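Beneath this line is the structure, given in structure tokens, with notes to follow.
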Amino acid sequence: LKFRLAGYPRKHNEGRVEVFYNEEWGTICDDDFTLANAHVLCRHLGFVAATGWAHSAKYGKGVGRIWLDNVNCAGSEKNIGNCKHRGWGNSDCSHEEDAGVICKDERIPGFKDSNIIEVRKQLARVGSWGGRLAGTALSPQRQREGHGQQVQLWAGRPSTPLLLAGYVGRVSGLLSPCRLFTERQQLNYRLHSVSCTGTEVHLSMCAFEFYRGNASAACGAGMPAVVSCVPGPLFTTGSTHRKKQRQQQQGQPRIRLKGGAKIGEGRVEVLRSSEWGTICDDRWNLLSASVVCRELGFGSAKEALTGARMGQGMGPIHMNEVQCLGTEKSLWSCPFKNITQEDCKHTEDAAVRCNIPYMGYENLIRLSGGRSRFEGRVEVAVGAGNGDQPHWGLVCGEGWGTLEAMVACRQLGLGFANHGLQETWYWDASNVTEMVLSGVKCAGHEMSLSHCQHHGTSLNCRNTGTRFAAGVICSETASDLLLHAPLVQETAYIEDRPLHMLYCAAEENCLSSSARLANWPYGHRRLLRFSSQIHNNGRADFRPKAGRHSWVWHECH
């Protein structure tokens, strides 16, 4: 049985339940539906559990057959087909009773999804490498020999950079064989004869062979394969390199990521005929996503996201059914279909999560005193280089704002910034009291606060008390408001409006100051009028910063 979540509006972990049975997609009726049913369905979809379920076609009415009715699960079943029900296709429901589920946004470890690569942190040693040696193609006979025995040299191609984790590596034979030899007793080989073309999104997608039987005795004549990686241009420590990279990108980038909280993730947008647009998620997969990631200077793709998981875009949808081979230097080199209005909507915008190098920035910052891990007073580590113990201190709140909070939340891996706070007396729970950083001024795109402008070692803070230390409130999702500017231009007009129709506007101070001198209620004011439309491109509802208790009722509204 295959299952999927469908409908609108919804997030990726919720939706109308659809089941593929007898070569046809259909729905499930909400009669007698329970949370136990939702648990079984969510686990089948790769989520750890359900947090709720929805009745009465909350996510819209489905089409086709209603396959199941009066489903009654205990909660431990592996498949909803194993639960009690009226029988396949036997239902007295209409599609107005289609059931939906809300799953906990946490994947089952190791769950296989064609668009997600799960990378385990502990990798077994790779025994040997087949294919090419030192940039020279092996003859078919030598290749067969290589696959039959342990090839003792790394078979990299110096002309092809390795781009799996966002590092660009040139490979030149074995590294430090003496040091590795001393570790020989601990080595546990699993693979040999690994042969990559260089375009794979993950090492597991290359050709390789497993060692069978006693793995500890494997690779007797060989050595462990070793890689030497250097960070790509976006991740070099020298700010001049980053600045140069940005200037190159500013030339005329034709692809960008929007709506993602972290570096290397977001909705894919492409430039065509001087207009930015999105990509439809039909047939969107890891190969195409990896071409995007590499084109932007990251590693291969970790996830190819569908269903507007990184928010809905605006404007045209430029591409559909993108089918890259993985060898392309640019997404525009891949085969794709032009879009028609009926094909796709922005609810189907494609997005990516790219592999990026592990830089360890999150170890140099922490939050203290907050009610949850998403908020608190900012503490930074200074003097952590050369193996020294880091010295933790506070950041001066003077001039601290949303841009600085954005960088802090990104460095912490906590998503977007809701607030940047200049006073944090209510989070006074830490024994860290010394200010170590002042004058922090960020552009908003930096990966670490240390990349922003600041006063360095010469601290300059007017109020050095702990109550004036900087703080943040972070959020995994955020709203993103965008004014539909063309509509303003298309609808603007001049109107002479009588003063007796403008009392409310005057009370709310919406008229120019000279209106006070007018002969009310006689005469008129000349107004520029237009329609406006504001889109929320983000993944969270927009709410005013002021709480409801401070809202004021106004009779004009």
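Glycine is treated like the rest: Cβ placed from N, Cα and C.
The shown structure was predicted, so the numbers you read here are calculated from the model rather than taken from an experiment.
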Recorded disulfide counterpart of CYS452 (TrEMBL; options CYS442, CYS461): CYS442
Of the candidates CYS280, CYS293, CYS324, CYS396, the one sharing a disulfide with CYS344 in TrEMBL: CYS280
Of the candidates CYS73, CYS83, CYS93, the one sharing a disulfide with CYS29 in TrEMBL: CYS93
As recorded in TrEMBL, which of CYS334, CYS354 forms the disulphide with CYS324: CYS334
Alpha-carbon distance [CYS293 (disulfide bond); CYS442 (disulfide bond)] in Å: 25
Euclidean distance between Cα atoms of CYS324 (disulfide bond) and CYS83 (disulfide bond), Å: 41
Across the domain 'SRCR' (255-355), average pLDDT on the 0 to 100 scale: 89
Nearest recorded site to CYS73 (disulfide bond) by CA-CA distance, among disulfide-bonded residues CYS93, CYS103, CYS324, CYS344, CYS452: CYS103
Long-range Cβ environment of CYS29 (disulfide bond), under 8 Å and at least 6 residues apart: ILE66, LEU68, ASP69, ASN70, VAL71, SER91, CYS93, GLU97, ASP98, ALA99
For the domain 'SRCR' (365-475), the number of residues DSSP places in helix, strand and coil: 20 helix, 36 strand, 55 coil
CYS344 (disulfide bond) and CYS452 (disulfide bond), distance between Cα atoms, whole Å: 40
